[in-house]
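Here the structure comes first, spelled out in C-alpha coordinates, and everything after it is commentary.
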Amino acid sequence: MGLSVIILAAGQGKRMASSTPKILHPLGGIPLLERVVNTARLLNPHTIHVVYGNGGSHVREKLNYLPVHWIEQSQPLGTGHAVLQAIPFCQNEDRVLILYGDVPLISPKTLNSLLENTPSNGLGVVVAELPDPTGLGRIIRDDFGNILSIVEHKDAEEHQLKIREINTGIMTTTAMNLKKWLPQLNNNNCQKEYYLTDTVALAVAEGCPVGGVAAQCCEEVQGVNDRWELTKLERYYQRLMAKKLSLAGVTIIDPERFDARGENIEIAPDVVIDVNVILEGNVQLDRNVRIGPNVILKNTTVGENTEIHANSVIEAAVIKANCSVGPFARLRPGSVLEEGAKVGNFVEMKKTTLGRGSKANHLTYLGDTIIGKNVNVGAGTITCNYDGANKWQTKIEDGAFIGSNVALVAPLTVGKNATIGAGSTLSQDAPPDQLTVARERQRTIKGWHRPTKKE
(Lines of atoms letter the chains of each structure in order from A and count residues from 1; the text may use other names and numbers.)
(Lines give C-alpha, C1' and ligand atoms only; values in the text may rest on other atoms or scores of the structure.)
Protein backbone atom coordinates (compact mmCIF):
# COMPACT_ATOMS: atom_id res chain seq x y z
CA MET A 1 0.00 0.00 0.00
CA GLY A 2 1.48 3.32 -1.10
CA LEU A 3 0.80 6.77 0.29
CA SER A 4 -0.87 9.51 -1.73
CA VAL A 5 -1.15 12.99 -0.23
CA ILE A 6 -3.90 15.38 -1.29
CA ILE A 7 -3.41 19.00 -0.26
CA LEU A 8 -6.50 21.18 -0.48
CA ALA A 9 -5.48 24.66 -1.54
CA ALA A 10 -8.53 25.99 -3.38
CA GLY A 11 -9.95 28.30 -0.72
CA GLN A 12 -10.73 31.81 -1.92
CA GLY A 13 -9.07 33.49 1.07
CA LYS A 14 -11.35 36.54 0.97
CA ARG A 15 -10.60 37.41 4.60
CA MET A 16 -6.94 37.98 3.73
CA ALA A 17 -8.09 41.10 1.82
CA SER A 18 -5.24 40.53 -0.62
CA SER A 19 -4.70 40.23 -4.36
CA THR A 20 -2.15 37.52 -3.55
CA PRO A 21 -3.67 34.04 -3.09
CA LYS A 22 -3.68 33.10 0.58
CA ILE A 23 -1.46 30.05 0.17
CA LEU A 24 1.32 32.20 -1.32
CA HIS A 25 1.58 34.38 1.78
CA PRO A 26 4.78 33.50 3.65
CA LEU A 27 5.28 32.15 7.14
CA GLY A 28 8.89 32.19 8.25
CA GLY A 29 9.83 33.33 4.76
CA ILE A 30 8.25 30.33 2.99
CA PRO A 31 4.81 30.29 1.29
CA LEU A 32 2.13 28.51 3.31
CA LEU A 33 1.54 25.87 0.66
CA GLU A 34 5.24 25.16 0.24
CA ARG A 35 5.55 24.51 3.98
CA VAL A 36 2.78 21.90 3.78
CA VAL A 37 4.38 20.28 0.73
CA ASN A 38 7.75 20.14 2.51
CA THR A 39 6.14 18.39 5.48
CA ALA A 40 4.31 15.95 3.22
CA ARG A 41 7.56 15.03 1.46
CA LEU A 42 9.03 13.89 4.78
CA LEU A 43 6.41 11.10 4.80
CA ASN A 44 7.82 9.66 1.54
CA PRO A 45 4.56 9.56 -0.45
CA HIS A 46 4.67 8.36 -4.04
CA THR A 47 2.55 11.35 -5.16
CA ILE A 48 1.50 14.71 -3.75
CA HIS A 49 -1.63 16.15 -5.37
CA VAL A 50 -2.45 19.84 -4.88
CA VAL A 51 -6.03 20.91 -5.56
CA TYR A 52 -6.02 24.60 -6.39
CA GLY A 53 -8.71 27.11 -7.26
CA ASN A 54 -8.45 30.82 -6.48
CA GLY A 55 -5.59 32.42 -8.42
CA GLY A 56 -4.62 28.97 -9.63
CA SER A 57 -2.44 29.91 -12.57
CA HIS A 58 -0.58 32.43 -10.41
CA VAL A 59 -0.05 29.81 -7.70
CA ARG A 60 1.31 27.28 -10.20
CA GLU A 61 3.59 29.86 -11.76
CA LYS A 62 5.06 30.94 -8.42
CA LEU A 63 5.48 27.41 -7.05
CA ASN A 64 6.26 25.53 -10.25
CA TYR A 65 9.43 24.12 -8.66
CA LEU A 66 7.44 21.99 -6.21
CA PRO A 67 7.33 18.24 -7.01
CA VAL A 68 3.54 18.00 -7.01
CA HIS A 69 0.66 17.08 -9.31
CA TRP A 70 -1.58 20.12 -9.81
CA ILE A 71 -5.36 19.63 -10.06
CA GLU A 72 -7.84 22.44 -10.63
CA GLN A 73 -11.13 22.76 -8.75
CA SER A 74 -12.97 25.04 -11.16
CA GLN A 75 -15.92 25.67 -8.83
CA PRO A 76 -15.63 26.20 -5.04
CA LEU A 77 -18.15 23.56 -3.99
CA GLY A 78 -16.52 22.47 -0.74
CA THR A 79 -13.81 20.21 0.61
CA GLY A 80 -15.57 17.00 -0.39
CA HIS A 81 -15.86 18.21 -3.96
CA ALA A 82 -12.18 19.25 -3.90
CA VAL A 83 -11.02 15.77 -2.89
CA LEU A 84 -13.31 14.32 -5.55
CA GLN A 85 -11.23 16.11 -8.18
CA ALA A 86 -8.05 14.37 -7.00
CA ILE A 87 -9.21 10.91 -6.03
CA PRO A 88 -9.32 9.51 -9.61
CA PHE A 89 -5.53 9.93 -9.68
CA CYS A 90 -5.11 7.62 -6.65
CA GLN A 91 -4.88 3.85 -6.86
CA ASN A 92 -7.59 1.93 -4.97
CA GLU A 93 -5.07 0.36 -2.61
CA ASP A 94 -3.43 3.70 -1.76
CA ARG A 95 -3.56 5.14 1.72
CA VAL A 96 -4.68 8.76 1.20
CA LEU A 97 -3.67 11.56 3.56
CA ILE A 98 -5.59 14.84 3.24
CA LEU A 99 -3.86 18.05 4.29
CA TYR A 100 -4.61 21.75 3.92
CA GLY A 101 -2.52 24.40 2.22
CA ASP A 102 -3.35 26.97 4.89
CA VAL A 103 -2.38 24.79 7.89
CA PRO A 104 1.39 25.28 7.61
CA LEU A 105 2.76 23.99 10.92
CA ILE A 106 1.37 20.47 11.05
CA SER A 107 4.20 18.26 12.25
CA PRO A 108 5.48 15.03 10.67
CA LYS A 109 5.26 13.46 14.13
CA THR A 110 1.50 14.00 14.33
CA LEU A 111 0.98 12.80 10.76
CA ASN A 112 3.03 9.66 11.32
CA SER A 113 1.01 8.98 14.46
CA LEU A 114 -2.20 9.35 12.45
CA LEU A 115 -1.00 6.96 9.74
CA GLU A 116 0.32 4.41 12.23
CA ASN A 117 -2.78 4.39 14.44
CA THR A 118 -5.44 4.23 11.72
CA PRO A 119 -6.48 0.66 10.78
CA SER A 120 -5.69 -0.29 7.19
CA ASN A 121 -9.38 -0.24 6.25
CA GLY A 122 -10.35 2.53 8.66
CA LEU A 123 -10.60 6.30 8.76
CA GLY A 124 -8.52 8.53 11.02
CA VAL A 125 -8.75 12.23 11.79
CA VAL A 126 -6.53 14.65 13.69
CA VAL A 127 -8.46 16.29 16.51
CA ALA A 128 -7.69 19.04 19.00
CA GLU A 129 -9.33 20.55 22.05
CA LEU A 130 -9.51 24.33 22.02
CA PRO A 131 -10.57 26.82 24.69
CA ASP A 132 -12.52 28.69 22.01
CA PRO A 133 -13.66 26.43 19.14
CA THR A 134 -15.82 29.09 17.48
CA GLY A 135 -16.18 28.54 13.75
CA LEU A 136 -14.76 25.01 13.75
CA GLY A 137 -16.37 21.62 13.21
CA ARG A 138 -17.13 19.66 16.40
CA ILE A 139 -16.28 16.02 17.03
CA ILE A 140 -19.44 14.13 18.01
CA ARG A 141 -18.79 11.02 20.11
CA ASP A 142 -21.05 8.37 21.64
CA ASP A 143 -21.17 7.48 25.33
CA PHE A 144 -18.20 5.16 24.86
CA GLY A 145 -16.01 7.83 23.27
CA ASN A 146 -16.32 6.54 19.73
CA ILE A 147 -16.43 9.15 16.97
CA LEU A 148 -19.87 9.26 15.34
CA SER A 149 -19.66 12.31 13.10
CA ILE A 150 -18.31 15.80 12.61
CA VAL A 151 -20.71 18.75 12.66
CA GLU A 152 -19.69 22.07 11.15
CA HIS A 153 -20.14 25.10 13.39
CA LYS A 154 -22.82 26.70 11.21
CA ASP A 155 -24.84 23.47 11.21
CA ALA A 156 -24.37 22.60 14.90
CA GLU A 157 -27.17 22.56 17.45
CA GLU A 158 -26.85 24.56 20.66
CA HIS A 159 -25.67 21.63 22.81
CA GLN A 160 -23.10 20.65 20.17
CA LEU A 161 -21.61 24.15 20.18
CA LYS A 162 -20.51 23.53 23.78
CA ILE A 163 -18.14 20.79 22.60
CA ARG A 164 -14.52 21.95 22.58
CA GLU A 165 -13.02 19.02 20.69
CA ILE A 166 -12.71 20.05 17.07
CA ASN A 167 -11.93 18.55 13.71
CA THR A 168 -8.72 19.87 12.18
CA GLY A 169 -9.71 18.63 8.72
CA ILE A 170 -6.63 16.43 8.45
CA MET A 171 -7.76 12.93 7.59
CA THR A 172 -6.58 9.57 6.28
CA THR A 173 -8.33 6.55 4.78
CA THR A 174 -8.02 4.38 1.69
CA ALA A 175 -8.60 5.65 -1.82
CA MET A 176 -11.17 2.90 -2.27
CA ASN A 177 -13.17 4.21 0.70
CA LEU A 178 -13.11 7.76 -0.64
CA LYS A 179 -14.17 6.64 -4.11
CA LYS A 180 -17.13 4.96 -2.45
CA TRP A 181 -18.11 7.73 -0.01
CA LEU A 182 -17.49 10.96 -1.93
CA PRO A 183 -20.25 10.38 -4.53
CA GLN A 184 -22.71 9.94 -1.64
CA LEU A 185 -22.12 13.42 -0.22
CA ASN A 186 -24.84 16.05 -0.49
CA ASN A 187 -24.92 19.79 0.06
CA ASN A 188 -27.92 19.95 2.39
CA ASN A 189 -26.26 22.38 4.80
CA CYS A 190 -26.03 26.08 5.55
CA GLN A 191 -23.16 26.67 3.13
CA LYS A 192 -24.55 24.50 0.31
CA GLU A 193 -21.19 22.78 0.03
CA TYR A 194 -20.05 19.16 -0.10
CA TYR A 195 -18.31 18.60 3.22
CA LEU A 196 -15.45 16.11 3.39
CA THR A 197 -16.26 15.73 7.08
CA ASP A 198 -19.56 14.02 6.20
CA THR A 199 -17.53 10.97 5.18
CA VAL A 200 -17.08 10.24 8.89
CA ALA A 201 -20.80 9.56 9.36
CA LEU A 202 -20.81 7.42 6.20
CA ALA A 203 -17.89 5.41 7.58
CA VAL A 204 -19.64 4.89 10.92
CA ALA A 205 -22.85 3.85 9.17
CA GLU A 206 -21.14 0.99 7.38
CA GLY A 207 -19.11 -0.11 10.40
CA CYS A 208 -15.77 1.23 9.25
CA PRO A 209 -13.50 1.91 12.25
CA VAL A 210 -13.05 5.65 12.88
CA GLY A 211 -10.36 6.98 15.20
CA GLY A 212 -8.93 10.28 16.29
CA VAL A 213 -5.33 11.28 16.97
CA ALA A 214 -4.76 14.38 19.09
CA ALA A 215 -2.56 17.17 17.79
CA GLN A 216 0.51 17.91 19.92
CA CYS A 217 -0.53 21.55 20.29
CA CYS A 218 -3.20 23.88 18.99
CA GLU A 219 -0.80 25.91 16.88
CA GLU A 220 0.26 23.02 14.66
CA VAL A 221 -3.30 22.65 13.39
CA GLN A 222 -4.09 26.36 13.30
CA GLY A 223 -5.43 27.42 9.92
CA VAL A 224 -4.74 30.83 8.43
CA ASN A 225 -7.90 32.73 7.50
CA ASP A 226 -6.84 36.35 7.84
CA ARG A 227 -3.75 38.51 8.32
CA TRP A 228 -4.07 38.61 12.09
CA GLU A 229 -4.11 34.82 12.36
CA LEU A 230 -1.05 34.72 10.10
CA THR A 231 0.71 37.30 12.29
CA LYS A 232 0.02 35.32 15.47
CA LEU A 233 1.20 32.09 13.86
CA GLU A 234 4.34 33.85 12.59
CA ARG A 235 5.28 34.93 16.13
CA TYR A 236 4.61 31.42 17.43
CA TYR A 237 6.88 29.98 14.73
CA GLN A 238 9.63 32.49 15.49
CA ARG A 239 9.47 31.65 19.20
CA LEU A 240 9.84 27.98 18.27
CA MET A 241 12.91 28.77 16.18
CA ALA A 242 14.41 30.93 18.93
CA LYS A 243 13.84 28.18 21.49
CA LYS A 244 15.38 25.54 19.22
CA LEU A 245 18.48 27.66 18.68
CA SER A 246 18.77 28.60 22.35
CA LEU A 247 18.67 24.95 23.41
CA ALA A 248 21.46 24.29 20.90
CA GLY A 249 23.75 26.85 22.56
CA VAL A 250 22.86 30.09 20.76
CA THR A 251 22.16 33.27 22.74
CA ILE A 252 19.04 35.03 21.45
CA ILE A 253 18.89 38.34 23.33
CA ASP A 254 15.13 38.76 22.80
CA PRO A 255 13.11 35.93 21.19
CA GLU A 256 10.25 38.35 20.50
CA ARG A 257 12.54 40.42 18.27
CA PHE A 258 14.14 37.67 16.21
CA ASP A 259 13.14 36.43 12.76
CA ALA A 260 14.33 33.31 10.94
CA ARG A 261 12.96 33.24 7.40
CA GLY A 262 14.05 30.03 5.73
CA GLU A 263 14.59 26.33 6.33
CA ASN A 264 18.38 26.15 5.99
CA ILE A 265 19.58 28.18 8.95
CA GLU A 266 22.55 26.62 10.74
CA ILE A 267 24.00 28.32 13.80
CA ALA A 268 26.86 26.93 15.87
CA PRO A 269 27.04 27.14 19.69
CA ASP A 270 28.21 30.34 21.39
CA VAL A 271 26.80 32.62 18.72
CA VAL A 272 25.16 35.77 20.12
CA ILE A 273 22.26 37.37 18.24
CA ASP A 274 21.05 40.80 19.34
CA VAL A 275 17.58 42.28 18.82
CA ASN A 276 15.77 42.83 15.51
CA VAL A 277 18.00 40.47 13.54
CA ILE A 278 16.57 38.86 10.40
CA LEU A 279 18.09 35.64 9.03
CA GLU A 280 16.76 34.83 5.59
CA GLY A 281 17.29 31.92 3.21
CA ASN A 282 20.45 29.85 3.66
CA VAL A 283 22.43 31.26 6.57
CA GLN A 284 25.36 29.58 8.34
CA LEU A 285 26.98 31.15 11.39
CA ASP A 286 30.10 29.54 12.86
CA ARG A 287 31.18 29.50 16.52
CA ASN A 288 31.53 32.71 18.52
CA VAL A 289 29.97 34.92 15.87
CA ARG A 290 28.32 38.04 17.28
CA ILE A 291 25.46 39.69 15.40
CA GLY A 292 24.56 43.23 16.47
CA PRO A 293 21.09 44.77 16.50
CA ASN A 294 19.07 45.49 13.34
CA VAL A 295 21.18 43.27 11.09
CA ILE A 296 19.82 41.47 8.01
CA LEU A 297 21.65 38.35 6.79
CA LYS A 298 20.40 36.65 3.62
CA ASN A 299 21.99 33.59 2.01
CA THR A 300 25.26 34.30 3.79
CA THR A 301 28.02 32.34 5.52
CA VAL A 302 29.89 33.87 8.48
CA GLY A 303 33.09 32.33 9.87
CA GLU A 304 34.03 31.90 13.52
CA ASN A 305 34.90 34.83 15.79
CA THR A 306 33.48 37.36 13.33
CA GLU A 307 31.42 40.32 14.50
CA ILE A 308 28.66 41.92 12.45
CA HIS A 309 27.92 45.32 13.95
CA ALA A 310 24.57 47.10 14.10
CA ASN A 311 22.43 48.03 11.10
CA SER A 312 24.38 46.08 8.50
CA VAL A 313 22.65 44.47 5.50
CA ILE A 314 24.39 41.45 3.98
CA GLU A 315 23.18 39.33 1.06
CA ALA A 316 24.77 36.35 -0.70
CA ALA A 317 28.17 37.00 0.87
CA VAL A 318 30.93 34.83 2.32
CA ILE A 319 32.57 36.25 5.43
CA LYS A 320 35.43 34.18 6.80
CA ALA A 321 36.84 33.92 10.32
CA ASN A 322 37.92 36.84 12.53
CA CYS A 323 36.34 39.54 10.38
CA SER A 324 34.54 42.72 11.40
CA VAL A 325 31.64 44.26 9.47
CA GLY A 326 29.81 47.52 10.10
CA PRO A 327 28.09 49.29 11.62
CA PHE A 328 25.94 50.44 8.71
CA ALA A 329 27.73 48.29 6.13
CA ARG A 330 26.15 46.81 3.03
CA LEU A 331 27.54 43.67 1.42
CA ARG A 332 25.78 42.83 -1.82
CA PRO A 333 25.82 39.50 -3.70
CA GLY A 334 29.27 38.17 -4.57
CA SER A 335 31.09 39.85 -1.69
CA VAL A 336 33.85 37.83 -0.01
CA LEU A 337 35.80 38.82 3.10
CA GLU A 338 38.90 36.73 3.63
CA GLU A 339 40.11 35.94 7.15
CA GLY A 340 40.71 38.98 9.34
CA ALA A 341 39.31 41.49 6.84
CA LYS A 342 37.46 44.55 8.09
CA VAL A 343 34.61 46.54 6.55
CA GLY A 344 33.56 49.59 8.54
CA ASN A 345 30.68 52.04 8.62
CA PHE A 346 29.00 53.18 5.41
CA VAL A 347 30.97 50.82 3.19
CA GLU A 348 29.22 49.10 0.29
CA MET A 349 30.66 46.09 -1.54
CA LYS A 350 29.39 44.28 -4.64
CA LYS A 351 31.09 41.30 -6.34
CA THR A 352 34.24 42.21 -4.45
CA THR A 353 36.83 40.16 -2.59
CA LEU A 354 38.57 41.86 0.34
CA GLY A 355 41.79 39.97 1.05
CA ARG A 356 43.17 38.58 4.27
CA GLY A 357 43.83 41.34 6.81
CA SER A 358 42.68 44.10 4.45
CA LYS A 359 40.56 47.05 5.63
CA ALA A 360 37.97 49.39 4.19
CA ASN A 361 37.01 51.25 7.33
CA HIS A 362 34.55 53.91 6.19
CA LEU A 363 32.61 55.71 3.46
CA THR A 364 33.65 53.52 0.55
CA TYR A 365 32.13 51.83 -2.51
CA LEU A 366 33.90 48.74 -3.86
CA GLY A 367 32.28 47.18 -6.92
CA ASP A 368 33.70 44.41 -9.12
CA THR A 369 37.00 44.60 -7.27
CA ILE A 370 39.66 42.07 -6.29
CA ILE A 371 41.68 43.25 -3.29
CA GLY A 372 44.74 41.38 -2.04
CA LYS A 373 46.18 40.92 1.45
CA ASN A 374 46.91 43.68 3.96
CA VAL A 375 45.48 46.48 1.83
CA ASN A 376 44.27 49.72 3.40
CA VAL A 377 41.39 51.39 1.56
CA GLY A 378 41.00 54.99 2.72
CA ALA A 379 37.79 56.83 3.53
CA GLY A 380 35.82 57.99 0.52
CA THR A 381 37.41 55.59 -1.94
CA ILE A 382 35.28 54.61 -4.93
CA THR A 383 35.96 52.00 -7.58
CA CYS A 384 34.24 53.41 -10.65
CA ASN A 385 33.13 50.13 -12.22
CA TYR A 386 30.39 51.26 -14.64
CA ASP A 387 30.91 53.26 -17.82
CA GLY A 388 27.22 53.63 -18.60
CA ALA A 389 27.07 50.41 -20.58
CA ASN A 390 29.40 47.80 -19.06
CA LYS A 391 30.95 46.83 -15.73
CA TRP A 392 34.75 46.72 -15.38
CA GLN A 393 37.05 45.22 -12.77
CA THR A 394 39.57 46.87 -10.47
CA LYS A 395 42.51 44.92 -8.99
CA ILE A 396 44.36 46.11 -5.90
CA GLU A 397 47.35 43.94 -5.11
CA ASP A 398 48.83 42.93 -1.73
CA GLY A 399 50.04 45.63 0.61
CA ALA A 400 48.67 48.60 -1.35
CA PHE A 401 47.67 51.78 0.49
CA ILE A 402 44.77 53.77 -0.97
CA GLY A 403 44.50 57.30 0.41
CA SER A 404 41.26 59.05 1.25
CA ASN A 405 38.83 60.32 -1.39
CA VAL A 406 40.35 58.31 -4.25
CA ALA A 407 38.47 57.37 -7.42
CA LEU A 408 39.75 54.31 -9.29
CA VAL A 409 38.27 54.31 -12.80
CA ALA A 410 38.13 50.69 -13.96
CA PRO A 411 39.60 48.75 -15.57
CA LEU A 412 42.92 49.23 -13.80
CA THR A 413 45.37 47.57 -11.45
CA VAL A 414 47.03 49.03 -8.38
CA GLY A 415 50.34 47.23 -7.99
CA LYS A 416 51.77 45.45 -4.97
CA ASN A 417 52.72 47.81 -2.11
CA ALA A 418 51.69 50.84 -4.20
CA THR A 419 50.54 54.01 -2.46
CA ILE A 420 47.82 56.22 -3.95
CA GLY A 421 47.76 59.81 -2.76
CA ALA A 422 44.60 61.22 -1.21
CA GLY A 423 42.18 62.88 -3.59
CA SER A 424 43.56 61.16 -6.67
CA THR A 425 41.50 60.05 -9.66
CA LEU A 426 43.24 57.18 -11.45
CA SER A 427 42.31 55.89 -14.90
CA GLN A 428 45.54 53.98 -15.56
CA ASP A 429 47.46 51.29 -13.69
CA ALA A 430 49.52 52.36 -10.67
CA PRO A 431 52.94 50.65 -10.53
CA PRO A 432 54.02 48.60 -7.51
CA ASP A 433 56.14 50.07 -4.71
CA GLN A 434 55.56 53.63 -5.93
CA LEU A 435 53.54 56.67 -4.84
CA THR A 436 51.01 57.64 -7.48
CA VAL A 437 49.25 60.99 -7.24
CA ALA A 438 46.69 62.16 -9.79
CA ARG A 439 45.36 65.55 -8.76
CA GLU A 440 45.90 69.19 -9.64
CA ARG A 441 48.65 70.93 -7.68
CA GLN A 442 47.33 73.28 -4.98
CA ARG A 443 47.62 76.98 -5.77
CA THR A 444 46.59 80.25 -4.17
CA ILE A 445 45.19 83.08 -6.31
CA LYS A 446 46.54 86.34 -4.96
CA GLY A 447 44.31 89.38 -4.94
CA TRP A 448 41.08 87.38 -5.26
CA HIS A 449 38.07 88.74 -3.35
CA ARG A 450 34.69 87.28 -2.67
CA PRO A 451 31.88 88.95 -4.60
CA THR A 452 29.69 91.26 -2.56
CA LYS A 453 25.95 90.79 -2.28
CA LYS A 454 23.75 93.32 -4.02
CA GLU A 455 21.55 95.38 -1.71
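The count begins at 1 with the first shown residue.
Glycine too: its Cβ is placed from the backbone N, Cα and C atoms.
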Practice item. Given that Swiss-Prot annotates Ala379, Asn385, Tyr386, Ser404, Arg439 as acetyl-CoA-binding, name the residue from Ala418, Ala422, Ala430 that shares the site. Key: Ala422
Point to revise | Three-class DSSP secondary structure - Asn376 (UDP-N-acetyl-alpha-D-glucosamine binding site) | key: strand
Study note, to complete from the structure: Candidates Asp102, Ala379, Tyr386 (binding-site residues); nearest Cα to Glu152 (UDP-N-acetyl-alpha-D-glucosamine binding site) turns out to be Asp102
Revision key, fill the gap. Of the binding-site residues Asn385, Ser404, Ala422, the one whose Cα sits nearest to the Cα of Gly11 (UDP-N-acetyl-alpha-D-glucosamine binding site) is Asn385
Point to revise | Average model confidence [pLDDT] within the region 'Pyrophosphorylase' (1-227) | key: 92
Exercise for review: Using all protein chains in view, find how many other C-beta atoms are within 10 Å of the C-beta of Gly101 (UDP-N-acetyl-alpha-D-glucosamine binding site).
Suggested key: 28
Review point. Just going by other Cβ atoms within 10 Å, which of the binding-site residues Leu8, Ala379, Ala422 has the emptiest spot?
Key: Ala422
